[in-house]
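These come from Swiss-Prot:
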- Gly2: N-myristoyl glycine (LIPID)
- 15-105: domain 'PDZ GRASP-type 1' (DOMAIN)
- 15-215: region 'GRASP' (REGION)
- Arg30: dimethylated arginine (MOD_RES)
- Arg47: dimethylated arginine (MOD_RES)
- 111-199: domain 'PDZ GRASP-type 2' (DOMAIN)
- 194-199: region 'Important for membrane binding' (REGION)
- Ser214: phosphoserine (MOD_RES)
- Thr222: phosphothreonine (MOD_RES)
- Thr225: phosphothreonine (MOD_RES)
- 377-454: region 'Disordered' (REGION)
- Ser411: phosphoserine (MOD_RES)
- Thr435: phosphothreonine (MOD_RES)
- Ser443: phosphoserine (MOD_RES)
- Ser451: phosphoserine (MOD_RES)
Amino acid sequence: MGSSQSVEIPGGGTEGYHVLRVQENSPGHRAGLEPFFDFIVSISGSRLNKDNDTLKDLLKANVEKPVKMLIYSSKTLELREASVTPSNLWGGQGLLGVSIRFCSFDGANENVWHVLEVESNSPAALAGLRPHSDYIIGADTVMNESEDLFSLIETHEAKPLKLYVYNTDTDNCREVIITPNSAWGGEGSLGCGIGYGYLHRIPTRPFEEGKKISLPGQMTGTPITPLKDGFTQVQLSSVSPPSLSPPGTAGVEQSLSGLSISSAPPAVSNVLSTGVPTVPLLPPQVNQSLASVPPMNPAATLPSLMPLSAGLPNLPNLPSLSNFNLPAPHIMPGVGLPELGKPGLPPLPSLPPRNVPGIAPLPMPSDFLPSFPLVPEGSSAASAGEPLSSLPAMGPPSDPVMTTAKADTSSLTVDVMSPASKVPTTVEDRVSDCTPAMEKPVSAVTDANASGAS
């Protein structure tokens, strides 16, 4: 792969000591050596390009003393410098606590064999090979081609074979002793699938400047992050799926996106929830006249729905008024008679019975809705010469007509009262004070009543 051309090694060459295994809490572990990817190429300024005892002698000469090492990483294709202190007191084997072998780091990441499926009870299963996470990186002999491993297996039929295996889950290398056996009862001599080539290389993590190397001892009890290769560069979790909706629905989606689900309901729903009727109400002028009307009796009904007896006021002090008959010719069509007594006035005392020929009994109006015609009750309607219910629909009253009706009633009271009674005079004075401008209609009605009485 030409890794030696990517970085210039002091002293030249592409050889070094390949780090296969790093023991936890060892001097090599504390120095940050990474298994499989690191190659020790120099120590204390001495280039290690030959397989001899130079490394051992340098380590023994610097026991319990820090020395500098130059390390080449096949992962990052860079050189780095590390300080290590050889020691016999750290509690493990060796001065550094690492397993190494002398080899070339040129193409170290390419000459690997990926362990695929492992058959049960096969030589590979008995040796402890793990499917898909194990990579055979070498043996005691040099292997630079894909056929080198298979040739080595054939020459070790029924004989123990030592292999160096790197595991991506543990991020460490180990020695595996396997005995090839073509008669194990399955296919092949190992009973496992072997992959070689670009698609079966060890996945590497991108190098980050200043990144601290994590070792197996530091990964205890923590989940292992999957490594990435050339086919896992895309992070599927961060990719937004493309829109699958037809192009024609884009405008509809944009218009619907502006709708607010939490918007306030229309004002109509608020009106309906409060119980306000939605039918047309009375004209504004009628509403103004009704603003001062006292509260309605709950038993009363609308004027168009008969009867209204439940809403009529109780006037027990006027029993004799039913004997009076108003002259029919003087009732004005289309005009309703308002009430005689307003709220706050004292009740009228009882008047002596008097029968005036040609005058119908005076009906009693209601205390509310003075703009609608009133309907007489049972016996009063039977005795009346001309029932008011047969009259045409009446419009809203005007003040002059209401004053005329009140003046007519007061004048009639004056004609029939006895000279000794003074209470009706009080009623006449109150009515006349309220309507001083209507003197002429009052006198006309009084003359007509006097002529009729005579």
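Think of each number as a place in line: the chain as shown, counted from 1.
Every residue gets a Cβ built from N, Cα and C, even glycine.
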From the Cα of Arg30 (dimethylated arginine) across to the Cα of Arg47 (dimethylated arginine), what is the distance in angstrom?
22
Helix, strand, coil: count each for the residues of the domain 'PDZ GRASP-type 2' (111-199), based on DSSP.
17 helix, 30 strand, 42 coil
Restricting to the same chain and to sequence separations of six or more, state which residues have a Cβ under 8 Å from that of Arg30 (dimethylated arginine).
Val84
When DSSP states are folded down to helix, strand and coil, where does Arg30 (dimethylated arginine) land?
helix
Let me check the 10 A CB neighbour count of Arg47 (dimethylated arginine). How many other CB atoms are there?
17
Confidence summary (mean pLDDT) of the domain 'PDZ GRASP-type 2' (111-199):
92
